[in-house]
Number of protein chains: 2
Amino acid sequence: MSNLKKDKRPLEIPKPTFERLKKYLALLLQEESEYISSEGIAEKLNITPEQVRKDFTYINIKGKPKVGYHIPPLINELSELFGIGVMDNIIIVGAGNLGSALAKYAGFKKIGVRVVAIFDNDPVKIGKFVGELSVLPFSEENLKRVIKRFKVKIGVICVTEESAQEVANILVRNGIKALWNFAPVTLKVPPGIVLENQDITTGVLTIKHLLEKK
Amino acid sequence: MSNLKKDKRPLEIPKPTFERLKKYLALLLQEESEYISSEGIAEKLNITPEQVRKDFTYINIKGKPKVGYHIPPLINELSELFGIGVMDNIIIVGAGNLGSALAKYAGFKKIGVRVVAIFDNDPVKIGKFVGELSVLPFSEENLKRVIKRFKVKIGVICVTEESAQEVANILVRNGIKALWNFAPVTLKVPPGIVLENQDITTGVLTIKHLLEKK
């Protein structure tokens, strides 16, 4: 993509559009055909084709009449938006079921993420294998070494809500720039640190709401 | 809440507002104080107080000047919106790490969800305990019995993307009304069936985007 084109991209994408763009990308990565129409995307995601077309104006992608969008450049544009071309090494703290599920998650590679270490302080878990990774003791020494060696910026918090803030503090103190938090608790982080809370139960609230309305 | 008040509630809440209302509820359930200001909510969720106040107009909640919002009625209103007062029994298919994490998730009770069974077809997993539940063989006979006995409407799909569509078909065929899908695949469901895809990796895309911009 040329710089000229880059400059024409609106600087701020509205949050709802941004969230939908993620969904489009997930969908496109699953597609096997070469073209897809806005109707095709819309139907699968339960939104309107107009919405799809409007969202794609933010990434300078235009469809061709009767053919639709050419999928490879669309994936490229979205990948660039989400920084997927850059592979980010991440570390996971907490080798319980959720941490283990993430450590073994096959889809990370497609979105430019690689899990390089998983930590726990439970002696029963330390040394056991989760996928291809052996669980490391959660010590500042180990953390420092891994963060430095793999240039890790992103730390994933998969511990209990009681331990999450302490883990966050330790990660930030040792150089982590972004926290991806799965613990159901609101964390405090210093200015400049990116914090993204991932509540894995939000979907069921939508379901309950929709079932109630029926 | 009186019917009069209920009738004044706007029928359709915009999707972004709906998503934020979920976050407010999650936050409020963690609060220990009795009142909270829109500024207090906004700061913790990284949005503006104006946004918070605007969102609350959809659920007919008004704050008091200088005191803020009274938390208990606010939780009640949001609980009603999400059907939390009604306890929904759910079943999980797939007793891998993710299914197991969900089966043991402590926060479900607070949002009106109870896991009544977990199924798998792996002989190694069947009969083992996940929290308080013993993993059941994923047979239509077992499914039918559990769905009928516990009046289950919601089925959670925690299997591989290869098996997800087949599992969805079997669940719907046996009376499940809503699917909560954690497999990274787009499912096809008959009209009238609620489908909610939960992509647990979306958070890291936001993080990558924000780190790229720095």
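Cβ atoms are placed via backbone N, Cα and C, with glycine included.
What TrEMBL annotates here:
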{"type": "DOMAIN", "residues": "B:83-186", "note": "domain 'CoA-binding'"}
{"type": "BINDING", "residues": "B:Gly94, B:Ala95, B:Gly96, B:Asn97, B:Leu98, B:Gly99", "note": "NAD(+) binding site"}
Inquiry  = Radius 10 Å, atoms counted are CB only; among the binding-site residues B:Gly96, B:Gly99, which position scores highest?
reply    = B:Gly99
Message = Based on DSSP, tally up the residues of the domain 'CoA-binding' (B:83-186) by helix, strand and coil.
response = 36 helix, 28 strand, 40 coil
Request  = Among the binding-site residues B:Gly94, B:Ala95, B:Gly96, state which ones have a Cβ less than 8 Å from a Cβ of chain A, giving them in sequence order; state 'none' otherwise.
outcome  = B:Gly96
Ask   = Ranked by the number of other Cβ atoms within 10 Å of their own Cβ, which of the binding-site residues B:Ala95, B:Leu98 ranks first?
value = B:Ala95
Ask   = Which is it, of B:Gly94, B:Asn97: the one of these binding-site residues whose Cβ has the most other Cβ atoms within 10 Å?
value = B:Gly94
